[in-house]
Structure formats: C-alpha cells, structure tokens
C-alpha cells in the first residue's frame, strides 16, 4: 500500500543527500505522481512502445526499475513467446517492493528482479531497454559508457527509451519551465518547505542534461535516430533506435 508523501513537511535540521531508502519507497507512487508532470503518460506510452518493438525470443531491460511501473507496463503489452524482462535497481527497499508488485500481477512473460548496479549488468539480446528517470542519478562521466553498452546489447531494430528531467541552454526558457514545474508541485499540495527541502537533498545527486546533450551522447553511442517523443515542462522522454541493418 502506498502512503501520502509527507517526508519533508516539517523542517529537517540536517538534510544530507537524497537516497532511495525505505521511507522514500513507502511513499514513492504518491511522490512521483505529484512531482513529475506527465509521469503516468510516459509509463503507459512505454507499454505502447513495447508492443511495437519487443520481438519474440528477446529480452527487455528496465534499468533503475524503482517499484516496477515501467516493467509492468511493458509486460502488459508483450504478446510474443519466449520473452523476458530484466528489472534492476540498486535500492534494496525499492527492489523488495518491486518484487511484491510484480508478483501481484500475473502474466506469461517472466520478470527477473535484480538488486544490483546497472553499470555492472550485461545487456544481451535486447529488443528494448528502458532508462526511466535513471541516467540523471549517474555521474555525468559514467553516462556515455552506459549508453555505449546499451547500444551494443540491443539487437538491430531495437529501441532505448530515455526519460529524464532536463536542463536548458536557453536560460530564459529554463527559468520558465523550472517555475512551471514548481507551480505543478504546489498545485499538487506540496508546500514551499517541502519543495525547498527536497530540492536541497537532490541538488548534489540528480545532475540534469539538456536534450541536445542527450542526443549527442546517443549519436556517439551509435544510435542513428533519436527524438524527443514526450515533454511536459522540464521533464520528458526520448526514443533512440538502432538501425535494422546495424552490425
């Protein structure tokens, strides 16, 4: 059962850096719905993309799976035999709850839920890979290597879905979308104190990139095609395609 997010409703003397611990896992569904504009749309559309890209006898990777929302969306839309989903997260609290969520929804496609570091996982025989608000928590110097590994592990014609919070090269646009995002959180019941304290905890942990930076990395990894398919304020999602004739 999910609870309402009140983690930062009272002043916290020593905030520290953000961690996906048991307290966060307990309120995560409420937190992300009230904090990330368009999150439900992204999750449902990931399922539609899976229906288009997942092929028989292949694997799907959900890297940084949290509670398994994207995994479940993919699973509901796989209509082929001999497919498998591999869902990975490095948070024990998230993985424990993810396993419960996956087990609660029976479907023919098996799911391996793994507690581990996505940087250490081999990507093999993949028709689709999902990075749903995950890359932004890696050190910027480590992001290209992960995208390179994903590209190498994707089969020709495969797809990567990359959802992120964005920064903007145009400072005026960045300020507008930043403020609109804060308006969104206020409209969803978060106080100024809650918004401020959460931002302080995240600022050294979640380091955002521009869409242009993401596209440049994807191109360097080998993806011939990439485009922003969804955006709401400073949050969005790209899809990157490996050519069908790729070696």
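Each Cβ is built from the backbone N, Cα and C atoms, and glycine gets one as well.
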Listed in Swiss-Prot for the S-adenosyl-L-methionine site shared with 39, 64, 65, 66, 89, 90, 117, 118, 199, one of 132, 155, 179, 234: 132
For residue 39 (S-adenosyl-L-methionine binding site), the three-state class that DSSP assigns: helix
Sparsest-packed of the listed binding-site residues (89, 117) - C-beta count within 10 angstroms: 117
